[in-house]
Amino acid sequence: MFDLALANLLSPVVLSFVLGLGAALARSDLSVPEAVAKAMSLYLLFAIGFKGGVSVADHGVDGTLGLALLGGVVLSAALPLVAFGILRAVSGLDRTAAAAVAAHYGSISIVTFVAGTAILDSRGIVFEGYMVAVAAAMEAPAILTALWLVARKSEATQSQGRGELLHEVLLNGSIVLLIGAFAIGWITGPAGLAQIDSFIVAPFTGVLCLFLLDMGLVAGRGMRQGRGVLDKGALAFGLVMPLIGATAGLGVGLLLGMSAGGIALFMVLAASASYIAVPAAMRVALPQVNPAIYLTLSLAVTFPFNLTIGLPLYVTLAEALTGG
Amino acid sequence: MQTHAAKRVEITIETVMQARLTRALEEAGVTGYTILPVLGGSGRSGGWSRSGQVSRASGMVQVICIIRPERLDPLLEAAFAVVEPHIGVVTITDAQVLRAERF
């Protein structure tokens, strides 16, 4: 465990993140232009989706695909209930703000997922290729749970626009690209990968490093600007909730009899907090909640925790419990 | 040169609300507008910056409409219905245009 944690901390990926974080905290003018950051995120989504599809084409689909999708949806819908209960107990957040934050912790961070697959690849641990589809399926259910949590007690949500909001979430660019690339990879298989592997395999880790440099900058700026936004209870939540989510993911993965890599990715998905789809959805549905609360928690607390400590922990646990 | 009185309405609003705002404007009969990205800024809800952002959650855009003065109220009513609960600023200034028939 210690060796893996140290290797992870000293990997180019994590050190790039630390560089960005340090630069932002030191108020350096280092920045990644918005268009470059978006281009890198498109690249990573395409590459991870495509490779997942190729893996499914290569190894075939077994009966756990449907169950894994169902498990992911249930996890995404249920975790906000746990997160909401904890937040109401330990933080000073009101009901609406707690629900908005809880939605982030039911949904997933695709960057954390990508970093998780990078660790597994570097250690030669195989995982089910369809976990990419599970990641996509886990984006939206948490939002519905959060809106339900708020709607139970108030009229604060804009219920008339809920259908439009769901349409936006389900068809947001990240999900469309991820699932689309997954489908292309599945259809074209290893032969398709052979045609473009010099584009999506070899440069992948390098692009991930640059992207995480940018994530470090964004997280560092979030830490600076978010100072005073979160109380101690909310901060503690941002560190404890990933472990609770990972435990739930571990349970689902073990229940489904998945491989060590698949279980580790289930843990990563359940432990991560959204920073793309859910913040945008919450700005539309619950505009009264200060976005600095959930963006700071998701980006500046939980994401760094998962990247540095969480990922090696989840991989080690998954390996230990499956004998992998 | 002959110029004509017009109103310039600048609506700075969260990126996630852009499509809803422009749809409301179009439904109110305002079919001409310009959308500009906002690089960054600071206000009551804290600072924001576009650099490095891949999420639409923290970005802002500015929607600019130039209209005839008599069409100002319907525009403001439509805009306010969208902007009211959200982070944003609406300003109105007097302007002069050369080709009145275009507004």
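Glycine too: its Cβ is placed from the backbone N, Cα and C atoms.
What TrEMBL annotates here:
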type	residues	note
TRANSMEM	A:6-26	transmembrane segment
TRANSMEM	A:35-54	transmembrane segment
TRANSMEM	A:66-87	transmembrane segment
TRANSMEM	A:99-119	transmembrane segment
TRANSMEM	A:125-149	transmembrane segment
TRANSMEM	A:169-187	transmembrane segment
TRANSMEM	A:193-213	transmembrane segment
TRANSMEM	A:234-256	transmembrane segment
TRANSMEM	A:262-281	transmembrane segment
TRANSMEM	A:293-315	transmembrane segment
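Segment contact is absent for the transmembrane segment (A:293-315) and the transmembrane segment (A:35-54), given fewer than three CB pairs below 8 angstroms at sequence separation of 6 or more.
Between the transmembrane segment (A:262-281) and the listed ranges A:66-87, A:99-119, A:169-187, the one holding the most Cβ pairs under 8 Å is A:99-119. Outside the transmembrane segment (A:193-213), and at least 6 residues removed from its termini, the chain residues within Cβ reach (under 8 Å) are 12-14, 16-17, 19-20, 32, 37, 40-41, 43-44, 46-47, 50-51, 54, 111, 114-115, 118, 185, 307. With Cβ pairs under 8 Å as the measure, the transmembrane segment (A:99-119) is packed most heavily against A:125-149, out of A:6-26, A:35-54, A:66-87, A:125-149, A:169-187. Counted over residue pairs 6 or more apart, the CB atoms of the transmembrane segment (A:125-149) and the transmembrane segment (A:35-54) come under 8 Å in at least three pairs, which marks the two as touching. Here the transmembrane segment (A:169-187) has Cβ contacts under 8 Å with residues 41-42, 45-57, 110, 132-133, 135-136, 139-140, 143, 193, 276-277, 280-281 of the same chain, all six or more residues outside its ends.
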